[in-house]
Amino acid sequence: MPASMVSSGRGTRNRSDKKNERVLVCETSSEDGPERYASGSGSSTGSIRNGLKRDLGNRQLQLITMGGAIGTALFLSIGIGLAKGGPLSLLISWSLYALNMSFVNSALAEMTVLYPVEGGFVRLAEHFVGPDFAFGVGYNYFLYELVLIPFEITALNTVLGYWFTDYRYPWIVVSLVIFSYVLFNIISVKWYGEFEFWLSSGKVFLLLLLISFTVFTMLGANPERDIYGFRYWKDPGPLATYRTSGDLGRFEGFLGSLWSAAFAIVGPEYVSSVAGEAARPRVNIKAAFKTVFWRFLCFFVMSAMCVGIVIPYNDKALVEFVFGKSAGGGTAAASPYVIAMDNLRINGLPNLVNALMLTSVYSAGNTYFYVASRNLYGLALEGKAPKLCKKIWNGVPIICYVIVTVFSCLALLGCSKGSAKVLGYFTSVITGGGILNYANMCVTYLFFYRAVKVQGLDREQFPYRGWFQPYATWVALVVEVLIILFVGYTTVVPFDATGFFTHYGMLIVESVLIVGWKVCRRTTLVRAEDVDLEWVRPEIDEYEANLTGHDKGFWREVLEYFRLRRKEDSPTEAVALGTIRRGSDSRGEGEEMR
């Protein structure tokens, strides 16, 4: 699309030729005054906008978003759903929630591929719904990611308990992990992507290893020569009771498994969060969203099936971890897979699995650290966080990193109260915040869809079109709202103040923020006819039109990376959208975020 096709009121573009360099200057209004984005051919990769550089290739992008989705839940917390509901409830609830999440993924993909902006779905919420809604959504997502960091660090301490059942100074481990997160996130996004590529590759290997372990051992390939198959579906049975007995207890067990699915099954938000730093976003972001659906099927549904096969829901070690007084406080009974290996008297493999699990948990925390800092930086750019948070040092949002680092120290709580108890608190807060995130995405898409219909745009022309819309999004929204309302029902009668706040705290906080912003700023919802549906499309279209070469695809990039295939030139920009110039910079000239 030509540069001249920029919507009125959104900016003007002027060009000047200078030797062999063409410079693009874009002025947009902001609270700090005009922002100028200048670019030259000296950039070897993608555009830099608002300080974020398009430096993530398909290979890195796929593994980073995968790394955020595969965390503690698949290896540790999945046992909670099994103990509460049994193998059948676990499989059904995880399958149904994965299907519901595929509807959310489809809706978010349609918007993000069309508008791959920094700030992800929070920016989309502001553009299509309104600033008050985006204020609440942005801080809910930021707090959600913040809580995930100490959760993963605490879980890491739990995994370490397999080797060190009573080590005296867990705070040393917590401090070292936080320090390493800071260190790895201060480097450029390119090297961060490489680091996460390797860690996330280890997660995929671990998942394949556990699935293979399930298949082979159930067929008798174990030291006991026990062909146990689906034995545990018969004894103790497919359904467990939770809180009470009979059919009501089995239904509550199903709900317990469903809550564990709502905590574990994630993914679309991480693709949206890195959209502003993805090279060739219309191709790579689209590919990443498409693979999310298959991740739901292969990772989450298969894991639910495997866990129900290898261990009974009433296993003594599992029950002690989930319901016992010392519940998992640093014991080896953290992962249902490790419990199963110990039951089968398999030597060596539990150590390997725990080591890989350790890297998996560490990688997830590292991803959350990255996403949380970028989210706060995006809020600052929109005037919804202190201006100090826009400070760039050495190419990174340094103040954002300081804030995230301080909050990560909540992991130290697990050193005194027992890791499982703290994990329980964190899990409740995270589940509530995560469900709310997906409901927010659904609301944003419905406003976007309404604007498209009112303004008469043809969705067939979009680079990605979601399935069965808007009906699929309505179904997803209703499901998420119902889960939000009932996820903490056990804290109501009898009333448990701590449990109630941890389950519903994020909902309360977001509601207060939205109403407070609306009252203080006197904002209104964006009308469908006033939504700018051009927005950043011309800029992205021009950026991709100026790329030379062709997209290689994920597997070709991987083969070239390992030198298993001859390397071809990567797509580069004939006119690189390079260095950012921000008029509000304190030194008078822009700073480049690497």
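Backbone N, Cα and C atoms are what each Cβ position is placed from, and that goes for glycine too.
Sequence annotations record features per position, and here TrEMBL assigns compositional bias 'Polar residues' to 1-11.
Per TrEMBL, the feature compositional bias 'Basic and acidic residues' maps to 14-24.
Here TrEMBL flags 61-524 as domain 'Amino acid permease/ SLC12A'.
Positions annotated as region 'Disordered' by TrEMBL: 1-49.
Per TrEMBL, the feature transmembrane segment maps to 63-83 (among others).
According to TrEMBL, the transmembrane segment annotation covers 141-164 (among others).
Sequence annotations record features per position, and here TrEMBL assigns transmembrane segment to 171-192 (among others).
Feature annotation from TrEMBL assigns transmembrane segment to 204-221 (among others). Distant neighbours of the transmembrane segment (204-221): 66, 70, 74-75, 227-230, 299, 302-303, 306, 309-310, 337, 340-341, 344, 346, 349, 352-353, 356-357, 360; these residues of the same chain sit at least 6 beyond its ends, with a Cβ under 8 Å from one of its Cβ atoms.
Away from its own ends, the transmembrane segment (292-313) comes close to residues 65-66, 69-70, 74, 78-79, 81-83, 85-88, 90-91, 94-95, 98-99, 101-102, 105, 109, 207, 210-211, 213-214, 217-218, 229-230, 232-233, 235-236, 240, 261, 264-265, 267-268, 271, 336-337, 339-340, 343 of its chain (Cβ-Cβ under 8 Å, at least six residues beyond either end). Under the heading transmembrane segment, TrEMBL lists 292-313 (among others).
The transmembrane segment feature in TrEMBL is assigned to 352-371 (among others).
As annotated by TrEMBL, transmembrane segment applies to 392-413 (among others).
Positions annotated as transmembrane segment by TrEMBL: 425-449 (among others).
Distant neighbours of the transmembrane segment (470-489): 100-101, 103-104, 106-107, 255, 258-259, 262, 428, 431-432, 435-436, 438-439, 442-443, 445-446, 449, 499-500, 502-504, 507; these residues of the same chain sit at least 6 beyond its ends, with a Cβ under 8 Å from one of its Cβ atoms. Positions annotated as transmembrane segment by TrEMBL: 470-489 (among others).
Look at TrEMBL and you will find 501-520 (among others) tagged as transmembrane segment.
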